[in-house]
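One structure below.
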Amino acid sequence: MTWNRSPAGGGSAVTVDHSDDTGLARLRELGYRQELKRDLSVLSNFAFSFSIISVLTGVTTLYNTGLNFGGPATMTFGWFVAGAFTMAVGASMAEICSSFPTSGGLYYWSARLSGKRWAPFASWITGWFNVVGQWAVTTSVDYSLAQLIQVIILLATGGKTGGGYVASKYMVLGFHAAILLSHAVINSLPISCLSFLGQFAAAWNVLGVFVLMIAVPTVATERASAEFVFTHFNTDNDGAGIRSSLYIFVLGLLMSQYTFTGYDASAHMTEETKNADKNGPIGIISAIGISILVGWGYILGITFAVKDIPYLLSPDNDAGGYAIAEVFYLAFKSRYGSGVGGIVCLGIVAVAIYLCGMSSVTSNSRMAYAFSRDGAMPFSSVWHKVNRQDVPINAVWLSAFIALCMALPTKKNAVSGQPGGVPGDGVHRHGGAVHLVRAAGPVPGDSGAQVLRAGALQPGPLRRHGRLGRCALGGHHLRALLAAGRVPGHQGHAQLHTRRRRRPLLPRHRVLGAQRQALVHGPHHQSGWMNKTRHASRIHACLTEWSPRSSEQHCPATHLALRVLRAALPNVQSELR
């Protein structure tokens, strides 16, 4: 069979013989002309989906979420729950792919299955959700690699406890941009090169999983019991205040569900796959099935090396709160006195994430190419062009550019440059808030006290156990959040957060200073602008003269939390001195 390449490709006529290719015949029946080079085998098609699913990428990136919400039990059993539902969706997609093997994938299927009346709307909304979601996936994958590089540098220079170097948020964004640039360059190569890299990526993921799932628990001097791995259900959720076990379990599934994404790549690569009506569906089903088995082994191997969940999640450990990095580092350091082996293991994961991002850009570009070919994107005539190597070059660079733009908000929203995004020790001013970090000691018997992270500092009333309510304080609301230390070497946080109620009469920094001084040391003046400390003196009196019978009368708003803050008062005073 012969055809002429589309004039949009900018080249001369090309003659290719695929007379026995059923996928090509089906594509022509659907009304499309072959523009991309059909050179992928069933193994290559599978490799793209498998390397985008990439259990090393998904599990490593969101292992903190799994530990935090439900812990080992949620991860080990929730993996099969998410895998079963994913396989059901994948089986349906594979069946549709066998009938409509086009690079458009989901949006084209929606148009054909929804009927003539709803076809334009269904295909348009599905296509935009798909293409934007794929750009977001590329952003997530490459930015997670940039963060992992940040952690590797930190551990290689001594770790957080050893004064290691912490790359700033601007450097992390620079890492992200450099990674995307390299991915765009690689995806500008002919499909034969990408086919080889895709197969290499699949092999790396499989071998990497087996190396890590065997090496890490074997090297670790202390290992968790089978009972812990299969039955321990973590409900602490690090200050989130969630008590429902079902809700915690569902949130813990996010790690598994985040991993099981990207298997639609087999559909987006069908116009470059031989006999795509058969090999595309095989790629989808096999990528999901093998990922379920390999990923579960990886989760088990790593979780058997977990002993102290709060310490692994603490921003004060050597990896700055990056749980899997700390597991690898401690396993080798406890055995050999050096964490170099753990850093090498992180390097294996970093390569897998890099290859995952590369395959993600490949899938993104094919989706953008097909979507613009049908005229659904602005400047469609630009994005669906292919070069002399039959590569949708403009769509490749568009995908990389948008993935970079999607990461730019992280520069503004990051609290600090540390891996955990949590400020360090001392007194910090940020956005009108005074944060007194490490100011509170543990209070025996306070079941509601938890270690707070920066993410817990949200405006609004406090209704969770173990925290203070609101008290009027000189035209502001004083929010004192206290957490007992559950992490060795990290004695908790006491944080003061002010929220403007009306414009203060004096400069804000003077008012905040007066509030803080009055809270800790009591009022120094009773007239003039220092009357702003009037309510603070009442709080101070409650703290120093508190008794269970009188607390409700003196300061009703803080009655439930006075015992906690009373115990922390000496530490707050010493911190501010």
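Every residue, even glycine, has its Cβ placed from backbone N, Cα and C.
Please treat TrEMBL annotations as automatic predictions, because they have not gone through curation.
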Listed range which TrEMBL flags as transmembrane segment, given the options 170-189, 310-329: 170-189
Recorded stretches the transmembrane segment (42-65) and the transmembrane segment (170-189) touching, at least 3 CB pairs under 8 Å: no
Dominant neighbour of the transmembrane segment (240-261) in 77-97, 282-306, 336-357, by Cβ pairs under 8 Å: 77-97
